[in-house]
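As recorded in TrEMBL:
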ACT_SITE  Lys13  active site, proton acceptor
ACT_SITE  Tyr219  active site, proton acceptor
BINDING   Arg108, Met267  substrate binding site
DOMAIN    198-320  domain 'Alanine racemase C-terminal'
MOD_RES   Lys13  N6-(pyridoxal phosphate)lysine
Amino acid sequence: MSSARVETAAVVKADAYGLGIAPVARALQKAGARSFFVATAEETPALRQAVGNGADLYVFSGFMPTDAEIYRATGAIPCLNSAAQVSHFSQQTGMGRCAIQIDSGMNRLGMEPEEYAALSERIAGLNPVLTLSHLACADEPEHPQNTAQLEVFSATAEGRRSLAATGGTLLGAPYHFDMTRPGIGLYGGLPFADARPVVRLSLPVIQTREVMPGEAVGYGAAWTAKTPCRIATVSAGYADGLIRAMGNRARLWAGDTPCPLAGRVSMDLLTVDVSHLEHDPDTLDILGPHQSVDDLADAAGTIGYEILTSLGARYHRRYIGG
Ligand SMILES: *Cc1c(COP(=O)(O)O)cnc(C)c1O
C-alpha cells in the first residue's frame with residue numbers, strides 16, 4: 001500500500017502476536033522484510049537467531065539500565081524514549097546504533113517535542129538511524145487526532161522517519177514517511193479489513209455424550225438442554241487463550257457448519273452442542289475461514305490483537321508455506 005521508496009518493516013513483538021516469532025519472522029523476511037520491531041530487549045535474542053545478522057532489529061521500549069548486555073549481544077537498535085534513556089545509552093560503550101521515539105500526542109512512549117528539541121545536539125551526536133512516533137487513533141480514519149499527530153510529527157522529527165503502524169498505513173501516503181511498521185495487518189486482523197486470515201485453530205474432541213432435556217452442562221449448571229442433545233467436549237479452554245468472557249456468543253465449526261457453545265468456558269475444556277451434525281466430529285475449529293480473530297474478539301468483548309496474543313503454549317503449531 002506504500003510506494004516503492006517506503007520500507008515496510010514488520011512488527012513481531014509478543015512472539016509475533018502469539019503466532020511464534022522464529023517461523024513468522026523468517027516468513028516475513030522471505031517476503032522482503034529487512035527491519036523488525038519488538039517491544040523489549042528480551043525479545044531480540046530469539047529474533048536475531050531467526051533472521052540472522054543482516055536484519056535490523058528495533059526495540060520500542062528503548063534502553064533500560066538492565067538491557068546493555070542484551071544489546072551488545074544482539075546488536076539490536078533501541079528506540080530511545082526520554083532524556084534519561086539518551087543518557088544511559090550514551091554512557092555505555094560499544095552500543096552501536098539507536099533510534100529516537102517522539103511522543104506526537106499519544107502520551108505513552110517517546111520524548112515530548114520540547115524535550116527532543118532541547119536534546120537535539122546530543123541526539124545528533126548519536127546519529128540515530130530512525131525517528132519514529134505512534135498514532136493513538138489510526139483505526140478511526142476520521143479521528144481528528146490523526147492529523148494532529150501527523151502535524152506534530154512532520155514538524156518535529158528529523159532524519160529517516162516512521163509514523164504508521166497498520167492503521168496509519170491505511171490512512172494513506174502522507175502517513176508513510178520513510179518506513180511503515182505494520183503488525184496486526186500482517187496477521188489477518190482489523191483495522192486491515194482486507195487482510196486474509198493467517199491462523200486456523202482446530203481443537204480435538206475428547207468425548208461426545210447424550211444429554212437429556214433438563215440436564216445441565218458445565219460449571220454453574222449455566223446451560224440446560226431443552227431437547228435431547230449431543231454434547232462434544234473439546235480440548236482447549238481459557239488457559240489456552242479462549243477467553244472465558246466469550247461465553248455462548250462464540251461458535252465452533254465442523255467444516256462449514258456452526259456449532260454453539262453449551263455452558264461456560266472451562267480452564268482446559270469447551271462443551272459444544274453438536275446435535276445437528278450427522279457424525280460426531282474429530283475436531284472443531286474455533287478460528288478459520290468462518291470465524292476470524294476479530295469475530296472471536298467481538299464475542300469476547302475484546303480486540304483481535306488480544307485473541308492472537310492470548311493463544312496459549314499448549315497448542316501444537318504447524319506452519320504452512322513461508
Ligand atoms: C504494536 C506497535 C506497532 C504495530 O501496530 P499494529 O496496530 O499491530 O500494526 C507499531 N508501532 C508501535 C510503536 C507499536 O507499539
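Glycine residues also receive a Cβ, built from the backbone N, Cα and C atoms like all the rest.
For the recorded positions Lys13, Arg108, Tyr219, Met267, counting C-beta atoms within 10 A of each C-beta gives the highest total at Lys13. Assigned with DSSP, the residues of the domain 'Alanine racemase C-terminal' (198-320) fall into helix, strand and coil as follows: 27 helix, 41 strand, 55 coil. Comparing the Cα of Tyr219 (active site, proton acceptor) with the Cα of every entry in Lys13, Arg108, Met267, these being the recorded positions, the smallest distance points to Met267. Cα of Met267 (substrate binding site) to Cα of Lys13 (active site, proton acceptor): a span of 26 Å. DSSP assigns Lys13 (active site, proton acceptor) to a helical segment in the three-state reduction.
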